[in-house]
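Here is the structure we will look at, set down as structure tokens.
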Amino acid sequence: MLMELFNTFGSVFWLWQKMGVNSNRVEDFSSQETTLRITTESIVPGMEIHNVCLPPKKTTLQKLKQRLGEIFFPDDPLYRFKNQTWCKKLLLGLQFLFPIFQWGPEYSLRLLRSDIISGLTIASLAIPQGISYAKLANLPPIVGLYSSFVPPLIYSILGSSRHLGVGPVSIASLVMGSMLSETVSPHDEPILYLKLAFTATFFAGLFQASLGFLRLGFVIDFLSKATLVGFMAGAAVIVSLQQLKGLLGIVHFTTKMQFIPVISSVFNHRDEWSWQTIVVGVSFLVFLLTSRHISMKRPKLFWVSAAAPLTSVILSTILVLCFKLKTHKISIIGYLPKGLNPPSANMLSFSGPDLALAIKTGIVTGILSLTEGIAVGRTFAALKNYQVDGNKEMMAIGLMNMAGSCSSCYVTTGSFSRSAVNYNAGAQTAVSNIIMATAVLVTLLFLMPLFYYTPNVILGAIIVTAVIGLIDYQAAYRLWKVDKLDFLACMCSFFGVLFISVPSGLGIAVGVSVFKILLHVTRPNTLIMGNIRGTNVYQCLGRYKETSRVPSFLILAIESPIYFANSTYLQESGDGHRHKRH
């Protein structure tokens, strides 16, 4: 009887092949009224006869349209506009383009109070971080504050996340600084370097907005979790080592970003080490790390780590000001101009020999900042059980960077540290970004002279404290326990950043991710199935001791769709399993 059953199913499979059915879908080969009648009366008396209806006939253009719709518009963004009046469509269109119109009408004083508290809290973190990250990108410190004013305002209107704290981030700042300084010196040609930074920011925003508009967000999914863990850890180590220049008081330091040149530069310039700088730097670094540890252990004390950077800036500035005769070896920030963001559209350069460098830097920093921003936004959205639209986020981040490039800002995105503080401080809407931008505005207009005596060593300590959280050794250990190939990808990107370069490390990360995807497609996992005695259940022979093989048959479970790329492998794999059995 079993052989008759398999013969019948084999005949049905042969019939489907003759009619043009492939492994993925049923092709149209007849009219809608045609049905397949599969009967098994001769095998199992009394079994029901099933009528299989064929799908409606479609033209090639209709099939292509449906397939493209499934790829680019799986969520059908226009479904809410169907059967609506023109007024309702206009309102829905405004809500679709500007999420602020969704929650704006329901905004209340209770929400405003929470947003004011959270906005002022992240402002205390954003001001010192903005100055520090600008130095990391080899840009004037004031540019970091400019980048904490305009982009958050634009994101509060266009963004769909309620908790994303917008501003400069360490990784994008490091990558921009390392890529541009390889060709143009920020000290010898500061104007050209600034032009390239703004131009790269424009192209980063253009690339990000294009991904969102064309709904190509799946491009950033090629950066897998494993490769990102390794890349972030390697970049964090390089960033921390670069801060040894400020923490030790070294004047002449290498501009390279590799591990060996940085370490060599530290020990080759031991005569420039300043004990005053080391004492101040180590003291405040211990203070910042302690405050971070307290906030991690007790989340209710989040404000301790949030206020620590600004507190460090204030205390160190007062210290240097009071003992400036004895602390003359400690380098300070110096003069910072007051006022709002000056326009920089005239500094965008779309021609010349350095245009390719600006485009490449923009795309690389755009990918990194977009990946971080969307990942952070989705993380906190999941905690509060609301949705973040990935395509809207891409357009919001892209447009704010394009506008920022015209207002003296460099690449910005959603910062994990700011967003965590924003979330813990009780932020309810994107108004917290408006409050933060307002606080930065007040600082730009009235408080800039107070930063004159702020020591540079404090900026290095703030950066080290911020990036040390990017070294997720626990995630790397989990990768080792779960998937050795993922762990290998993690280590490749980590050592690529550490010993080759940051852009090369990112390229290695993408390459390893693509290789892993191709490996899974061309070499899918196959399991030999067996029957659990006394039941109709079939499970893997290697996982269930109760299973046994069906005599004269080899049953394989293929954990992947069958493509031309893996068909030969599956055939050879089946032959190999049969030979092993015999």
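Cβ coordinates are placed from backbone N, Cα and C, and glycine is handled just like the others.
Here is what TrEMBL says about this protein:
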DOMAIN    112-492  domain 'SLC26A/SulP transporter'
TRANSMEM  192-216  transmembrane segment
TRANSMEM  273-289  transmembrane segment
TRANSMEM  301-321  transmembrane segment
TRANSMEM  434-452  transmembrane segment
TRANSMEM  458-475  transmembrane segment
TRANSMEM  487-515  transmembrane segment
If I take every residue in the domain 'SLC26A/SulP transporter' (112-492) and average their pLDDT values, what number comes out? 88
Do any residues of this chain, six or more beyond the ends of the transmembrane segment (458-475), have a C-beta under 8 angstroms from a C-beta of it, and if so which? 128-129, 131-133, 135-136, 141, 170-171, 225, 229, 232-233, 235-237, 239-240, 243-247, 280-281, 284-285, 288-289, 292, 308-309, 312-313, 316, 333, 416-417
Other parts of the chain folded back onto the transmembrane segment (487-515), taken as Cβ under 8 Å at six or more residues beyond its ends: 174-175, 178-179, 222-224, 226-231, 233-235, 237-238, 257-260, 364, 367-368, 476, 479-480
In the same chain, which residue numbers or ranges, 6 or more beyond the ends of the transmembrane segment (273-289), come under 8 angstroms Cβ to Cβ? 246-250, 305, 308-309, 312, 315-316, 319, 326-327, 329-331, 455, 457-458, 460-462, 464-465, 468
How about long-range neighbours of the transmembrane segment (192-216): same chain, 6 or more residues beyond its ends, C-beta under 8 Å? 72-73, 137-140, 143, 176, 180-181, 184-186, 344, 347-350, 354-355, 357-359, 361-363, 365-367, 369-370, 390-406, 408-411
